[in-house]
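Working notes, beginning with the structure itself.
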Amino acid sequence: MPSTTPKKHRRPGAHPAAKGTETEIGRTRRARRVNRTLALTFPDAHAELDFSNPLELLVATVLSAQTTDARVNMVTPALFAAYPTAHAYAEANQAEVEEIIRSTGFFRSKAKNLIGLGQTLVADFGGEVPTALEDLVTLPGVGRKTAHVVRGNAFGLPGLTVDTHFQRLVKRLMLTEETDPVKIEHAVADLIERREWTMFSHRIIFHGRRICHARKPACGVCPIAFDCPSFGAGPTEPEEAADLVTGPERDHILGMA
């Protein structure tokens, strides 16, 4: 049976990756072990944007730039009701769209992108959201990250979503030395089984939001601490670390520690 991360800690700085002695095979095995452990930690990991069809997810993901999913979810019910189709966005009044999405920040550029997105979908794709990566990235406001979110969660096509949490965590886990998002995507794709790409993205993002915080990670109760070269970046005592864990999975996470 494939292994998961042992429930023990190394001394800070003692991990082979931290010392520069980890082999490529060792890194691959560690990455996959981390993925399996996070699957147990976050069995319900998912896209936290609310949507019911590919267009809604596409729009919500465009809106999520520089804001939180929770904030986006506050405005999308009204937006989706007002603009249920690509044609509706294509013909929308920009000022009216801006008013609905104002609280998400950068609302003028986002409104312009949503209208342009609708127009491009109508003109080039019959009003439907395309599935191909190369087609999705031609839409206004859509880059590889957004395209992979849509492909993975609306169409079930494997992809790695390299957002700020993902970039930060793969750096902290020392899975790659790359800093460019596209290069990070390709490097991590070489470590994780293709069928796991979408769920690995969700799990890493959940982990970053709930346990492995940017400023003060909860190292002392982290389920992948033994496999983390950066163990010790946050409190290592379980009692102190436990106070840092957030999210509805908190009791489950602490029960695994």
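Every residue, even glycine, has its Cβ placed from backbone N, Cα and C.
Whatever TrEMBL says is automated annotation, not expert-curated.
Of all the Cβ atoms in the protein chains shown, 25 others lie within 10 Å of the Cβ of Cys212 ([4Fe-4S] cluster binding site). The secondary structure of Cys212 ([4Fe-4S] cluster binding site), as reduced to three states from DSSP, is coil rather than helix or strand. Per TrEMBL, [4Fe-4S] cluster binding site is recorded for Cys212, Cys219, Cys222, Cys228.
Residues or ranges marked as compositional bias 'Basic residues' by TrEMBL: 1-13. Tertiary neighbourhood of the compositional bias 'Basic residues' (1-13): same-chain residues 19, 32-34, 36-37, 40, 223-227, 231-232, 236, 256-257, selected by CB-CB distance under 8 Å and a gap of 6+ residues from either end.
If you look up TrEMBL, you'll see 63-210 marked as domain 'HhH-GPD'.
For 1-30, the entry in TrEMBL reads region 'Disordered'.
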Give the sequence-ordered set of same-chain residues, not counting Cys212, Cys219, Cys222, Cys228, with Cβ within 8 Å of the centre of the Cβ atoms defining the [4Fe-4S] cluster site.
Arg172, Ile211, Pro217, Ala218, Ile224, Ala225, Ser230, Phe231, Ala233, Gly234
So how many of the residues in the compositional bias 'Basic residues' (1-13) end up helix, strand or coil by DSSP?
0 helix, 0 strand, 13 coil
Averaged across the domain 'HhH-GPD' (63-210), what pLDDT does the model get? Just tell me the whole number, please.
98
How many other Cβ atoms are found within 10 Å of the Cβ atom of Cys222 ([4Fe-4S] cluster binding site), counting all protein chains shown?
27
Distant-in-sequence Cβ neighbours of Cys219 ([4Fe-4S] cluster binding site), under 8 Å, six or more positions away:
Ala225, Cys228, Phe231, Gly232, Ala233, Gly234, Pro235, Thr236, Ala241
